[in-house]
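Asker: Starting off with a structure, shown below.
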Amino acid sequence: MKYRDLREFLHHLEARGELKRIRHPVDPYLEMTEVCDRTLRAGGPALLFEHPRGYDTPVLGNLFGTPHRVALGMGAEEVAALREIGELLAFLRQPEPPKGMRDAWNQLPVFRRVLDMAPKTVRKAPCQERVIEGEDVDLSRWPIQTCWPGDAGPLITWALVITRGPEKERQNLGIYRQQVIGRNRVIMRWLAHRGGALDFAEHQRHYPGEPFPVAVALGADPATILGAVTPVPDAISEYAFAGLLRGSKTELVTCKGSSLQVPASAEVVLEGHIHPGDTAEEGPFADHTGYYNETETFPVFTIDRITHRADPIYHSTYTGRPPDEPAVLGEALNEVFVPILRKQFPEIVDFYLPPEGCSYRLAVVTIRKQYPGHAKRVMLGVWSFLRQFMYTKFIIVTDGDVDARDWKAVVWALTTRSDPRRDATFIDHSPIDYLDFASPISGLGSKMGLDATNKWPGETDRTWGTPATMDEATRARVDAYWAELGLD
């Protein structure tokens, strides 16, 4: 099923028992995090806090708190169906030349779908039903969560940040957290290599000293939100990809104070500028690792205007030790990554990012091994192929007979098929998430690859062991009388 806006999605979730309305007053200061965290760990529903203590605006939490709800948000009924989205992205990233006229004709509908999903601009939009400007802009009137006791202050989390670099037609969409430090000022935490930061840096080079326009959308439709965290090919905008997921063009409206375009159906939009040289120390905040991060300097976003629906819903989340909502998102999007990786490395059987590894810091890859050194080629390829894996610290590569998602099986392969000295690959001075305080230098550290595959001649002089397994004939004979044993 496809959803035009967030409210249609919430209506569908409620009809399926996947949304719970909370009428008891719950405080956005710490209490919402505790309620959401308990609910998410139990595999519970999305939560709509209808009466946040001290505020009139409802708060939506745990929207993507299960992989199934992520799949629903992307227009799929089951998590397994996300592989089809991955296959589409794999094709769009690396379209194969047609083998003939018939093949070209068969590929035409795919490209036509992409071209037909260019976003549509509208003049009137729900997100601009109300306009707050100037001195009336006051973030303290909004139920912005303070998530953990040691957090530096309230934090805007599910913020879809829209920017555009000079002379670029395509806008960049990214999700960056924002610490509230004043009635109309937030710290924009974007890393230097992220799209928003790159657009800002380019703007400063082209227009030194001039403010950089930024828009932030809160409560967009699920396809647009999820499109911003999916590995979309550079040639396709996130808005167009959201249209593909939704099956209809993304409707955009131009901001009141800039040429940036935001989702017309969003609940709330923040419009403003980042002024060159206006920075502040951000943090500390608890993050997806389960620890409080160090403070670091980032640009300050000054909000000139807030537009919103007549009765807005504030969409929020929290981050903490996995599982949290980002970990669940990573678990679901894992299914999207598999076809993309297989397009580049057909020998990959499966690819898994365990949520306990913060959804990106450790990867398990199973392959159909074809030659000595094959595992090392795959681990180096994974690190370099998609920027999403630039911060993956550990990669374990093993054979296709091992279930990548069964940690017991992976540990068995690791301890029986690898030698620490021979099979460990280290890469020094490589990019690392600056939130990773375990690295010796902020933003720079090492990576480790472990070859847990069966070894081929040239990799060992030893006679390699053969796994002890029961033959199929014996299994079949026991299956025939198993029920009579009364052991189940």
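Every residue, even glycine, has its Cβ placed from backbone N, Cα and C.
According to Swiss-Prot, the protein has these features:
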- Asp287: active site, proton donor (ACT_SITE)
- Asn172, Glu238: Mn(2+) binding site (BINDING)
- Ile175, Tyr176, Arg177, Arg189, Trp190, Leu191, Arg194, Gly195: prenylated FMN binding site (BINDING)
Asker: At the Cα level, what's the spacing in Å between Arg189 (prenylated FMN binding site) and Asp287 (active site, proton donor), rounded?
Answerer: 12
Asker: Quick one: which of these recorded positions, Trp190, Leu191, Gly195, Asp287, have their CA within 10 A of Asn172 (Mn(2+) binding site)?
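Answerer: Among Trp190, Leu191, Gly195, Asp287, the ones whose Cα sits within 10 Å of that of Asn172 (Mn(2+) binding site) are Gly195.
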Asker: Please report the distance from the Cα of Gly195 (prenylated FMN binding site) to the Cα of the residue listed as 'active site, proton donor', rounded to the nearest angstrom.
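Answerer: So the Cα of the residue listed as 'active site, proton donor' lies 21 Å away from that of Gly195 (prenylated FMN binding site).
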Asker: Across all chains shown, how many C-beta atoms besides its own are within 10 angstroms of the C-beta of the residue listed as 'active site, proton donor'?
Answerer: 21
Asker: Suppose the prenylated FMN site is Ile175, Tyr176, Arg177, Arg189, Trp190, Leu191, Arg194, Gly195. Which further residues of the same chain have a Cβ inside 8 angstroms of that site's Cβ centroid?
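Answerer: Close Cβ neighbours, site residues excluded: Val161, Gly174, Met188, Gly196, Ala197.
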Asker: Roughly how many Å separate the Cα of Glu238 (Mn(2+) binding site) from that of Ile175 (prenylated FMN binding site), to the nearest whole number?
Answerer: 12
Asker: For Gly195 (prenylated FMN binding site), just give me the three-state DSSP call.
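Answerer: It is helical.
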Asker: I want to check the contact list for Tyr176 (prenylated FMN binding site): same chain, sequence separation of six or more, C-beta distance under 8 angstroms. What comes out?
Answerer: Ala159, Val161, Met188, Arg189, Trp190, Arg194, Gly196
Asker: Within 10 Å of the Cβ of Gly195 (prenylated FMN binding site), how many other Cβ atoms are there?
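Answerer: So the number of other Cβ atoms within 10 Å of Gly195 (prenylated FMN binding site) is 21.
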Asker: Given the binding-site residues Ile175, Arg177, Leu191, which one's Cα is the least distant from that of Asp287 (active site, proton donor)?
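Answerer: Going through Ile175, Arg177, Leu191 one by one, the closest to Asp287 (active site, proton donor) is Arg177.
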Asker: Name, in the order they occur in the sequence, the residues of the same chain whose CB lies under 8 A from the CB of Arg177 (prenylated FMN binding site) and which sit 6 or more residues away.
Answerer: Leu155, Ile156, Thr157, Ala159, Arg189, Phe285
Asker: Go through Leu191, Glu238, our binding-site residues, and report the one whose Cβ sees the most other Cβ atoms within 10 Å.
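Answerer: The largest 10 Å Cβ neighbour count belongs to Glu238.
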